[in-house]
Amino acid sequence: MMKVILTGSTGFVGREVLSQCLAHPAITSIVALSRRDLPAHKKLKVALIEDFMTYPDSIRDDIRDAEACIWTLGKAHIPDNDIARRVSLDFTFAAAQVFQETCQKPFRFIYCSGAAAERDQTRPLWFMQGYRRIRGQVENGLLGFDNDHPGFEAHIMRPAMVLAQGSRLPKIQRIKLVMPIPSLPLFVAAEQHARQNPEKIAVIDTTKQQSFTFVQLLADAAALRKRILEQLGLTADLEERRIAFLVPNGYDYVATQWAVWAAGGVCVPLCTSHPVKELLYTVGDSDPSLIIVHPEFEKIAPSLRKGCATDIPFIGLEPFSRNEAPTLPSFSPPFTLTRRALMIYTSGTTSNPKGCVTTHENITFQASCLVKAWKYTSLDRLIHVLPLHHVHGIINGLAASFLSGTTVEMHPKFDPKVIWERWQDHGSSTLFMAVPTIYSRLNDYFDAHIRGTEQEDAARAGARALRLVVSGSAALPTPIKEKFAEITGQVLLERYGMTEIGMAISCGLEIEKRIDGSVGWPLPGVEVRLTEKETGRVVDEVDEDGMIEIKGGNVFCEYWRKPEATASEFTADGWFKTGDVAKRDSSGAYFIQGRASVDLIKSGGYKISALEVERKMLAIHAIQEVAVVGLADQEWGQRVAAVVKFREGTTPLELPTLRAELKNEMAPYKIPTVLKVVDGIERNAMGKVNKKVIVQRYWPDKILLWVTMTTSEKHDVPTGNESDASGSSSFKGINEKALLRKLDYRLLPPLTLLYLLSFLDRSNVGNARLEGMTEDINMLQNYPGYLSSRFFLGVAESGLFPGVVFYLSMWYKRNEQHYRVALFFSAASLAGAFGGVLAWEGLLTIVVSIIAYLWVYNYPSTAEFLSKEEREFVQFRLKNDSDATRDEEFTWSAVLDAFKDPKVWLYGLGFHTMSLPLYTLSLFLPTIIKELGYSAAKAQLLSVPPYAVAFFLTIGVAIASEKTRSRAPFIMGSSAIGCIGYILLLSQHRAGVSYVGTIFAAAGIYPAVAIVLSWPANNVSGQTKRCIANAMQISIGNLGAVLGTQLYRTETAPRYFLGHGFALGYLVANMVVVGILWQVLRRENVEKERLREVQGLSPLMGDVGDAEGEFQGDKDPRWVFQT
């Protein structure tokens, strides 16, 4: 036990040394002579160094009893000129004089400096001169320290103890200091392994062909910790800042991971096989403070840096090499174990990847469970070939091994030849963990290259000598398990886990507890239950399917910055909902049936496990790989379909032959009725198949209905009643085309009639003007008067069009809306035609509006003209095509989102550049025709043909646009036709040719406007955002109409150059705006297609799967913009 004085720097170096002294058990008390106050601690007394002449007796007593003084020199203490050096020397002399006088004995100094001070070449000379002036000689010489290498424990505390015993130290000793690391459970365990055996190997890096001890691992982690903190300008703690790193499998990965944890950061391991764009998604979502890049990936670092939305610092990792004499670092008190520690990105099948955050407590619990259940020991050796951006490789492979002292032999990737060679080296390994695909490849390699050779006996014996071989991350087919057992004598141990929970269920070490098809029993400390999906009732019965729910210290902390998604994954009583289905036998062993969304097929009233069917099919020798899915079927709900890869050298089976072979293995309703033969089945890094991609690729016509059926249970509809998740079996009697006609006949007539009358009233203003309305009623002709009257007209009419467009989106699928909007909008041209014949006005509009209010229903769920089955089918159709059935509450964030979306403004500009030609033509067409030399009555009659042509073209172009699912080309083409019309009006003097120009103008304007107005309703997702987008489009657009009414002035008649010129210019501008919007939408669609491919998503439009994540609206990769 000893007492020390600490003085000198209170900066980075000083605080580090202080924290180590406080944590060191050999030091009982510290007197800190400082220039500033320091944090309170029971071991610590602080005295301001400026007050050394007036120290109280208690401080002087402590100084007198001290065995040594630790003097830290920081950057601020380096003299840069003679005057500063003299001041510093004087200060040093004065402090040393106080120590000597107080202690009444020669005082022993231990000197510690930072790297910056070490670079001052004159320091040793003037510091030694100072000591000699005060004490006459330097009794113990000068100890020089640097703080960026191992050594604090051995070279500060130990010399201090030696000094206390009166021993002498060498005159000059340059020793380096390692910063302390927090006493996290994983680090404490590693220290214990190191103290018990300093030569104990933690990692064998096969790429480097070097081995690394636990001592070096801790030392290297401490050194890299220091570099990370210095890079960010921090002193002691990252405080949960995220640190992303791109490092290959090997020792460098482990040292980097531990350094981040030692610094108090959150590890964000980047997948080394991902393209830059996918890495940028992870970086952008995790928002790291620093990115560490290994030299192996330095070529992609510039692209990664360029693609980052924010200026994130990068550092290159200097690969570690074996150190023959590493020094164990000291330890400081641990961080709170509930701190975030690890963020692994896991992709739901229907949403963007989510950052799954686990704490140090979670990691320790997960690893401890496995150590206890699988009995890891320091005698074990694990061959590690798994990816290190998944929980399987990180927790099972690394954390549990290091916690127990197991040596991990790390390979950069899986190679069956290498693994068989390593197994033949007896004693080289005792543990192996992999996914079923790896075991399948090991089986195949054995058959192709080892069986029947002189290596066979050694290979079999080496594999048989393994203590434990584990399979996980995907269902293990029985044929693979049996074949591996035949070769190696090893019965694979199966377990169940996922990113959010680590491991939760495992078979036992006893061979008799490794039941085929079972994943075993809950791990120590983990609670597991099954619940009924529809009611939440706990399933206690044997052999009954239920949803797996988990509770325990293994369950993750949160999805990063997705509180709604996190909350949705937990029950009210705190159980995590895995989304997987299982059943339990009488012994309590669990049997996984698969994901509720993709592996549970509902056919003809039966529930079928796709995993069970796959296991049975893989027992057929000719089948090498298989994926079983459910295809939507109106008669059965779903049909069992199989995608199969047959083995080379075998004869592919036809469907009847396959069904005959399976007849004795399973019930007839489980046997596939659809077969697709393929060359290979794509899997991710963990051997999993994305079945939605399978259906999309091979049965694209089924994908929409299939996904709706497999996920409909997650979403509410306005009625609060769910259609049966078994799909369309309850809709057998419904004729979809007949139902659409029924909707059309009921919805469109009153809506179209309302718009017809609304536009008739407006268009008749033009006809009435020819009859002298402005003179008869003394209409205001100044601009303020116009604005006032136009304001009150706008109040009455502004909500009709955007409201109807939004309303139709609540009834029809996206590819059906445009035609209906065009029919509705065609009333505008029809009104012009009628207006030329019926130039009268009345109260008919008001009467019809009252009838329409009683005739039109708000939602499909409340439509009494539909039967219950029809209402459910309408919602069933919409559920996965759009967000029409989403029960969405109003939020201001959705309003803001609309205003912040550039595409919404482009939709508005698209209508703005059409509204001026539209409204000027509808208001002034009779006037334009009259000025060509026709009488007022004839001008009104001649206004009918342009509108009639526009009416038929509006419907015709809408049908063509809908069939081709194209918008921009038809808008631009129609605008070009309108341009021809205005060019004729501007350039021709002959009345007949000019009149033809009006027909061209109408024929181009009306079809284009119909498409422009339905475009945002097709493309904007989120009901609030879509409402705002529609309103913004009309508001921005009508500004063009306001301008247009001022352009056709009496003094510019008969050629109206001003009005026609503006109309022509606006149509040209429309083509430019629409062209820009077209490219923006295409570019976003390309990016979404890339994300879908990476994440295994389907190109759907809607809120399906949003229970697995926050609602993303039209930002969802599945939402494909119509262009």
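Here the Cβ of each residue, glycine as well, is placed from N, Cα and C on the backbone.
Mean pLDDT for the domain 'AMP-dependent synthetase/ligase' (191-560) in this predicted model: 93. Summarising the annotation, TrEMBL assigns domain 'AMP-dependent synthetase/ligase' to 191-560.
Per TrEMBL, domain 'AMP-binding enzyme C-terminal' is recorded for 612-688.
Taken from TrEMBL, the feature transmembrane segment covers 791-811 (among others).
TrEMBL lists 823-856 (among others) with the feature transmembrane segment.
For 904-929 (among others), the entry in TrEMBL reads transmembrane segment.
Feature annotation from TrEMBL assigns transmembrane segment to 941-961 (among others).
Taken from TrEMBL, the feature transmembrane segment covers 967-986 (among others). Beyond its flanks by at least six residues, the transmembrane segment (967-986) meets 818, 910, 914, 917, 928, 953, 957, 960-961, 993-994, 996-1005, 1007-1008, 1011-1012, 1015, 1018, 1055-1057, 1060-1061, 1063-1064, 1067-1068, 1070-1071, 1074-1075, 1077-1078, 1081, 1122-1123 of its own chain at Cβ-Cβ distances under 8 Å.
Feature annotation from TrEMBL assigns transmembrane segment to 993-1015 (among others).
As annotated by TrEMBL, transmembrane segment applies to 1057-1081 (among others).
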Under 8 Å between C-beta atoms and at least six residues away from its ends: which parts of the chain pack against the transmembrane segment (1057-1081)? 902-903, 906-907, 909-910, 913-914, 916-917, 920-921, 924, 967-968, 971-972, 975-976, 978-979, 982-983, 985-986, 1001, 1004-1005, 1008, 1012, 1019, 1040, 1043-1044, 1047-1049, 1121-1123
Using DSSP three-state counts, the residues of the domain 'AMP-binding enzyme C-terminal' (612-688) come to 18 helix, 25 strand, 34 coil
